[in-house]
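Taking it in order: structure first as structure tokens, then the write-up.
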Amino acid sequence: MNPVPAQREYFLDSIRAWLMLLGIPFHISLIYSSHTWHVNSAEPSLWLTLFNDFIHSFRMQVFFVISGYFSYMLFLRYPLKKWWKVRVERVGIPMLTAIPLLTLPQFIMLQYVKGKAESWPGLSLYDKYNTLAWELISHLWFLLVLVVMTTLCVWIFKRIRNNLENSDKTNKKFSMVKLSVIFLCLGIGYAVIRRTIFIVYPPILSNGMFNFIVMQTLFYLPFFILGALAFIFPHLKALFTTPSRGSTLAAALAFVAYLLNQRYGSGDAWMYETESVITMVLGLWMVNVVFSFGHRLLNFQSARVTYFVNASLFIYLVHHPLTLFFGAYITPHITSNWLGFLCGLIFVVGIAIILYEIHLRIPLLKFLFSGKPVVKRENDKAPAR
């Protein structure tokens with residue numbers, strides 16, 4: 001069994017927080033990109049489209065590696081049932097809280113912004129269900145995927161731990177070349193599965209719950225397991241935290257391929273399958289780029305960094321409806337895309353931080369948006385002298 005390190009790994013906490021917070025410029029730039037979203041500016045910006053594509057190409061792959069790392073750390077700390085309960089509570093409770101408080105009002109707002117409120121009664125029962133699945137899960141999809149992954153890893157982590165007890169983990173050797181081949185094969189395998197589904201029964205791919213629970217889990221699970229393995233094997237972790245010119249160059253070339261596929265690919269052809277192969281290996285290489293960068297610059301304790309590490313989930317949860325509100329009601333009045341982007345950042349981040357500070361002062365909201373029970377300090381119970 002791998003001992004849990006006594007010292008907190010600050011760079012991983014910081015990277016996870018900043019990856020979460022990158023969702024804010026990602027969604028604001030989406031308004032000004034050439035991609036069709038709920039709300040868009042009158043004219044798209046080439047550079048903001050490029051910025052948006054860059055964030056989208058790797059952010060969640062690296063995020064799930066870090067999630068897998070910390071998840072296995074807790075797996076060794078708690079009994080199995082308690083581990084599952086703690087992990088599911090910490091992601092499931094915020095998700096269930098955000099649906100009625102955030103994504104439901106967001107959905108109602110968009111119905112009127114997009115002029116679809118009148119046509120809602122005419123939709124079939126399935127169309128209403130599927131629309132609600134997409135719109136209510138919305139940006140919370142990764143929390144649902146983490147619940148599914150945690151449940152699957154009750155078995156997967158047990159198998160990993162049992163195999164470790166019967167083998168010498170010090171002899172395990174990893175290289176970026178071997179990992180690249182493995183993840184290339186995983187990307188091709190995912191593409192084959194998606195193409196097979198597309199041929200056999202294409203409507204299921206537009207089903208929101210199937211997309212989140214099956215397809216997204218299937219794609220990101222290798223990264224989650226990779227994170228667990230990085231916790232188990234110090235050599236693998238060192239491989240990611242050591243700067244590699246090869247990984248950086250490969251990631252740059254993969255990003256160019258990603259852009260070309262976005263530009264010239266067709267959804268009716270092989271665009272999505274090609275993208276899955278590219279982003280699978282790109283995500284692996286960016287783990288090295290991001291980890292090595294973070295290990296060099298973010299591996300320290302700071303009150304300011306700790307604040308945003310603690311606030312990142314709440315800020316991410318509330319930023320999405322704020323971004324859509326900004327895009328629907330404020331963006332049309334700002335003619336400059338870059339000025340609108342900067343104003344959007346100030347608007348969303350400013351209000352999100354204010355809401356975060358308010359929710360800290362309300363114990364029920366603090367619990368609901370973190371999934372962590374509020375623990376009273378012993379000093380609070382001591383009688384006054």
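All positions are counted from 1 along the displayed chain.
Backbone N, Cα and C define each Cβ position, glycine as well.
The transmembrane segment annotation in Swiss-Prot covers 17-37, 60-80, 91-111, 137-157, 173-193, 212-232, 245-262, 274-294, 311-331, 338-358.
Per-stretch counts of Cβ pairs under 8 Å to the transmembrane segment (311-331) identify 338-358 as the leading one among 60-80, 91-111, 173-193, 338-358. Here the listed stretches are 91-111, 137-157, 212-232, 245-262, 338-358, and the one with the most C-beta pairs under 8 angstroms to the transmembrane segment (17-37) is 338-358. Most Cβ pairs under 8 Å to the transmembrane segment (212-232), among the stretches 60-80, 91-111, 173-193, 245-262, 338-358, belong to 60-80. Between the transmembrane segment (274-294) and the transmembrane segment (137-157) there are fewer than 3 Cβ pairs closer than 8 Å, counting only residues 6 or more apart in sequence, so the two stretches are not in contact. Counting residues 6+ beyond its ends, the transmembrane segment (245-262) has Cβ neighbours under 8 Å at 50, 53-54, 57-58, 176, 180, 271, 274-275, 278-279, 281-282, 285-286, 288-289 in the same chain.
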